[in-house]
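The next block holds one structure in the form of structure tokens; read it before the comments.
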Amino acid sequence: MGKLTSLKYSAAILILLYALTFSFSVSARPATFLQDFKVSWAYSHIKQIDGGRAIQLILDQNSGCGFASKSKYLFGRVSMKIKLVPGDSAGTVTAFYMNSDTDNVRDELDFEFLGNRSGQPYTVQTNVYVHGKGDKEQRVNLWFDPSADFHTYTILWNHHHAVFYVDAVPIRVYKNNEAKGIPFPKFQPMGVYSTLWEADDWATRGGLEKINWSKSPFYAYYKDFDIEGCAMPGPANCASNPRNWWEGANYQQLSAVEARQYRWVRMNHMIYDYCTDKSRNPVTPPECVAGI
Ligand SMILES: *[C@@H]1O[C@H](CO)[C@@H](O)[C@H](O)[C@H]1NC(C)=O
Ligand SMILES: *[C@@H]1O[C@H](CO)[C@@H](O)[C@H](O)[C@H]1NC(C)=O
């Protein structure tokens, strides 16, 4: 083979490899809403759009609404793009969370988006429940208007930590510190849930700002549903398989870039941390001093 021919040959192989990789990652998602989810509350208030690839959630004086994954998962990554209620969204709460649904021993990983008056920042509250124990709220004011466009919200959950991402930026890390005697959710599969409802008794400025019903109905939009994880019931050894990509070396701790972004969020956008709330926690909870 001449030098030029072999160059052309390698280029062709590269292009082919690229095309294969690209087509696989594209064809795996986006899934339609009904592929992985079902309406769990108020059919009349969830509309499928774009051929089922996106949905609209509706909140009015009659009802909020909610949806849930058909399966539960033990470890994995779930993400979706959400466009939150625009304008005067005070008193509305949009939640996106994983929950084991096991009452007083439940595990839960929570994103809650707290609406605000027009022009005031949306707040994201995160919480973590392990074996029925929650009370780990943190709040971050978003550094962009989450109702102007879709943004990606992700929960990564593996044996090493649970990480909450806004786009690619980690805003919360709950590390597996079992070695220090701190409980970590790892036995109970969790479903994926989302709801839009009214909570003006606490959501905005601690309940001072009430919902303005003359602005209703309120709409939130979702698309690009993506769940990759071990569905339960399923193959018994799936969840413990170290070859699952979400258990891989790159996902076991924050990268240097992510760690820097995480510090930036905490320094510039965090408005509440249960770790430093001395009236609630005179003794700093152990997971707060265990580091990321
Ligand atoms: C709403 O806006 C106020 C005023 O800027 C701010 O203090 C608060 O953190 C924002 N979020 C909520 C949920 O009240
Ligand atoms: C509620 O919305 C209506 C209609 O936009 C407006 O006229 C009114 O001032 C709003 N009320 C409050 C308390 O913001």
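Backbone N, Cα and C define each Cβ position, glycine as well.
Just so you know, TrEMBL annotations never went through curation; they're auto-generated.
Over in TrEMBL, the protein carries these features:
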- 1-28: signal peptide (SIGNAL)
- 22-222: domain 'GH16' (DOMAIN)
- Glu108: active site, nucleophile (ACT_SITE)
- Glu112: active site, proton donor (ACT_SITE)
- Asn116: N-linked glycosylation site (CARBOHYD)
* List the recorded positions Glu108, Glu112, Asn116 whose Cβ sits under 6 Å from any atom of ligand 1, in sequence order. => Asn116
* Asked: For Glu112 (active site, proton donor), what residues in its own chain, 6 or more apart in sequence, show a Cβ-Cβ distance under 8 Å?
  -> Val93, Thr94, Ala95, Tyr97, Val124, Gln125, Thr126, Asn127
* Among all the protein chains here, how many other CB atoms are within 10 A of the CB of Glu108 (active site, nucleophile)? -> 20
* State the count of C-beta atoms found within 10 angstroms of the C-beta of the residue listed as 'N-linked glycosylation site', not counting that atom itself. => 22
* Asked: Taking DSSP three-state, what's Glu108 (active site, nucleophile) in: helix, strand or coil?
  -> strand
* **Inter-residue C-alpha distance, Glu108 (active site, nucleophile) and Asn116 (N-linked glycosylation site) (nearest angstrom)** => 25
